[in-house]
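Listed in Swiss-Prot:
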- A:2: N-acetylserine (MOD_RES)
- A:13-21, A:61-65, A:119-122, A:149-151: GTP binding site (BINDING)
- A:35-43: motif 'Effector region' (MOTIF)
- A:209: S-geranylgeranyl cysteine (LIPID)
- A:210: S-geranylgeranyl cysteine (LIPID)
Ligand SMILES: Nc1nc2c(ncn2[C@@H]2O[C@H](COP(=O)(O)OP(=O)(O)O)[C@@H](O)[C@H]2O)c(=O)[nH]1
Ligand SMILES: [Mg+2]
């Protein structure tokens, strides 16, 4: 399937906050309680539509443990969006947000759109971080914010799409030079959803960005 | 004018012949040209010996064997060896004259022969393998009517032959060096690499060469060599020659293994015939330029070779993969070692008499699952090879007690104490989260309240106390899972895991130092074994090799199915050919994908994703065979590319094993 734009996303945050589950919920619309912990990085992709334009999201799901930070840093390059995830039932995952943000600011491009997600909001009875605190942190750091649940799918779709919409708006506003792929955006075939030319975005290098 | 000289001229405008000269008898080419210029040729040569019905076996098929005549001649007190295939003998339409000329040995002076290896089995054909000083080897020469002994006796009358200390079947020619020097020099470059001169002897501007990749690549190399003396370039040329020759050599040996087998024969054939059957097809392609075989049955990964490169991108040829031959040519994999066979390695008290032989056996075939419980502890170094049954039993009981004591260290932490012990709480939290995310789809760990999941947690937590500096890191549970499945005992699993971490612990260092050294060593190996691919990575900012991170961190655990992973691990843990065999496995996989990677012009992101998605699509047996071939081919140069202390080598000094940062865990 052809796309008008391809956005690279990266999902970051402490281990166990539900990054992989969020990705799976978004790409496959299911919650799988039994899955393997992430080593290195894993990939997901899905098409969405914004402003009638097909947009392909290529999502990088990273390993969260501290030891792997140095390698995770190399994945920021060329990401247009980031989902920064914490677990509302574990305070420390919220406390570590600042250091994640620092990594992102240092290693991603300055215009990267960051969505803060307080995950596992289905576990409200075990909540350790209030919604207000999350909102406050997001406001202070200029992030978009949502609480979500990979388990119930609440706000999952919204989080990914809202991030894309924000990026899309930045493109419209001319914030990005879309021909520069370091912004994590690849331009497809002028947004015309061609009659399945067999060309899948994930394998098309540059997708005709120069044409 | 002698027969071989006329042949040379007949074929001098033949690209294949030129290529065969370049790869096959590079070192003698120089002397050919010298001789030609002095125009004395072989006229005054004295015929010392001839032997008919000496054949080579390019494939395992009898129909494709090539018979010929072996000759010894002498001129100016130098002994020469030649083997010329019989003319006009067309055993099989597939085998053209070109193919046969590929194997022709045209008057090699014994001054350039390093050794002759003889095989004189009681049953089956006798053969010899001639190895040149440059490290090149000719295809085995089979003496259909016997007479290897006589042949050697005659050689001995003219040159100095000494039996190798390492292998009594290897006769060293004119070897006056000390044994140490010998090993050191055995794989080094000959001081005068015949590339530049070689270049002038084949027709780089001859007819048809423009559409022959090989020639242009070779000339390119030759030219670059002349411009700058880049040692790695030299080496890759050297390897290029060596590899293609050794390729043939190995194919022979493969064939040999099949014909005169050793007990596993019938099973081997059943299990391995797939890749082997692909040889003749591959071989037949030598003559058909760039003919891309399309539909032969071949492991899935062949797809990755991307024979049909979609665009016009000119992928630099693999220096080791001449003539589009498949790289698959390590020894055929054997069936796993069974109990009876294992028992034969033990003396009456249970000591492993010849640990190297045992490791070799495991390297080539792995272990039957039921037997792993017994063999893994040796491979991992938990039990000593020279321990007796009784000693191991005692060791187990001592270790069991020790384990229980260690476990008690955290078991006895009260809730009150835990409140004041953040590090412990954090570690336990991490481990609790990860054991329920480790191989839960595998039946041994599946289901709620699975006992084995709890045992895994206990072992990991105990380990994090046993090795408090290293602690717990993600990926450890991936290693522990198969160990527990194999050992089926908590304490035994723990100690095997400990033994493994002695070597692989650095993979989990906070500073990732162990990973970085391995990735660096990998980059050096690729530079050595596939310079064009290395250059590609360099140009595309991929030299950090992070795309191989997962492969190395958990030794391919996520790339193969469970059973295959166990097989691969025991192969790696033998340290049979190299402690760093896993790095050669990386190179082998990368080489299989090289044309896809370069043809698609993958950037870092694309490459990472591509490599990730190889998971589940890599054929283990052929990959291990490739890796074996690469490892042998790289030889000392490969070992030298890997910095000392690179895991799983034991650390160089016994200072602090696991450098500590002072934050978080
Ligand atoms: N109740 C609940 N559990 C979740 C949710 N998301 C993830 N989990 C669980 O949290 C654990 C860690 O999830 P995972 O996606 O592997 O975390 P990651 O390390 O950030 O990728 C798993 O055991 C999941 O089942 C959620 O929204 N609600
Ligand atoms: Mg994950």
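Each Cβ is built from the backbone N, Cα and C atoms, and glycine gets one as well.
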- Count of other CB atoms lying within 10 Å of the CB belonging to residue A:61 (GTP binding site): 24
- Query: Which residue counts does DSSP give the motif 'Effector region' (A:35-43) for helix, strand and coil?
  - Reply: 0 helix, 3 strand, 6 coil
- Note on the structure: Of A:13, A:16, A:19, A:64, A:149, the binding-site residues whose C-beta sits under 6 angstroms from any atom of ligand 2 are A:19
- Item | Separation of alpha carbons, residue A:2 (N-acetylserine) and residue A:64 (GTP binding site) (Å) | 32
- Count the Cβ atoms, other than its own, that fall within 10 Å of the Cβ of residue A:64 (GTP binding site), considering every protein chain shown. 24
- Of these recorded positions, A:2, A:16, A:61, which are close to chain B by the rule of a Cβ under 8 Å away? A:16
- Query: Hey, does DSSP put residue A:61 (GTP binding site) in a helix, a strand, or just coil?
  - Reply: strand
- Tell me which residues of the chain lie with their Cβ under 8 angstroms from that of residue A:19 (GTP binding site), as long as they are six or more apart in sequence? A:11, A:12, A:13, A:38, A:61, A:62, A:64, A:83, A:85
- Of all the binding-site residues given, A:13, A:16, which residue's CB has the most CB neighbours within 10 A? A:13
- Excluding its own, the Cβ atoms lying within 10 Å of the Cβ of residue A:120 (GTP binding site) add up to 26
- Can you tell me how far the Cα of residue A:2 (N-acetylserine) sits from the Cα of residue A:120 (GTP binding site), in Å? 34
- Query: Looking only at Cβ atoms, how many others are within 10 Å of the one on residue A:149 (GTP binding site)?
  - Reply: 23
- Query: Given the model, what does the mean pLDDT over the motif 'Effector region' (A:35-43) come out as?
  - Reply: 95
